[in-house]
Amino acid sequence: MKKQIAILGSTGSIGTQALQVIEEHPDLYEVYALTANNRVDLLVEQARKFMPEAVVIANEEKYLQLKEALSDLPVKVYAGADALSQIVESQPIDIVLASMVGYAGLRPTINAIKAGKAIALANKETLVVAGELINALANQYHTPVLPVDSEHSAIFQCLEINNRLEKVILTASGGPFRTYTMEQLQTVTKAQALKHPNWEMGAKITIDSASMMNKGFEVIEAKWLFGMRPEQIEVVVHPQSVIHSMVQFEDGAVKAQLGMPDMRLPIQYAFSYPERVKSSFERLDFARITDLTFEQPDTKRFRNLALAYEALYRAGNMPCIVNAANEVVVDAFLKDKISFLGMSDVIEQTMGKVAYIKEPTYEDYVDTDAEARRVALSLLSS
């Protein structure tokens, strides 16, 4: 029986690579639903190739265009946030790949968990914003949440039953500005920030990687995926991106997962878990690896990592505040409305201006997200 897969964000970097995995294993996987935010042309192309049961476009203004383009196919067409959240509940679906960008992925992921679907989680913001809620729901509905982030997939693959962890070690490439001085960071452009040295990703996550907010979010994500305390989660800069992450056990032994910097590998493992499936992806050639280096991250130059740790220690709705402010400032940076270093200033100020809630409900997260965005936008315009 083929696994039926719904891909939330099929036109993005993770979504398109997931379709490559499915295409390589047509005997194992079948696309049930594809969703996108705005990119109608690519969604149509994907629908014609993979023939899903349904497609959803989040932007309701694009519905008629999508409907017309697929009028000759027996594919159901839906639009809007409600449709996006409802499609994941469809009975045939086995796995939901949550690869939408940002806060928008929270509600459909919650609905998928409640519907008992296995979650292949690429949308780290879902756990950043509401990790405690997601974990509680996953336990309540007995729903597996499998990491797709390369670092968390690496940790997941290194874990051993009944062997207690001392800490997890997340590796970071350091991004394009790893060796830049503070003076150089003051004048970097979005064009420079969008050139990641090792990974091909979408614009938002590429900027997050350059600012190290992406690594900060992964620290928060690791807390909820693996039940770690903040002080048990270490970040080490590893420019070669060959070691994807490590775990250290109480006896001092360390296990690492190595591989090419190719997101199709963790995507495929999330789809096939607990089995491993043969792939044609490029193999690691140790004879060509000249060095593997490590260094401590500089949180003075890359303050976002320190802000993420602070949010994790404070807990409650603080990570939600950081995520919302970050989405606002990254959008502003991509529109040349704020400097690279200025992003951290706005995030930190937003953390101090939005009301703190120690034990937030889902409604509190919704309100916090809206208020943090309002505050961050007002700081940008002041």
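Each residue, glycine too, has its Cβ placed from N, Cα and C.
Swiss-Prot names S150, E151, S173, H196, S209, N214, K215, E218 for binding 1-deoxy-D-xylulose 5-phosphate. Of K114, K117, K124, the residue it gives for the same site is K124. Annotated NADPH-binding residues in Swiss-Prot are T11, G12, S13, I14, N123, E125, and among G202, G216, G227, G252 the one listed with them is G202. Around the Cβ of G202 (NADPH binding site), 17 further Cβ atoms fall within 10 Å across all displayed protein chains. Among the binding-site residues D149, E151, H196, E218, the ones whose Cα is located within 10 Å of the Cα of E125 (NADPH binding site) are E218. Cα separation, H196 (1-deoxy-D-xylulose 5-phosphate binding site) to G202 (NADPH binding site), rounded: 10 Å. Residues listed for NADPH, T11, G12, S13, I14, N123, E125, G202, cover a largest CA to CA span of 18 Å. For the 1-deoxy-D-xylulose 5-phosphate site listed in the record, the two most distant Cα atoms among K124, S150, E151, S173, H196, S209, N214, K215, E218 lie 19 Å apart. Counting every protein chain shown, the number of other Cβ atoms lying within 10 Å of the Cβ of S13 (NADPH binding site) is 19.
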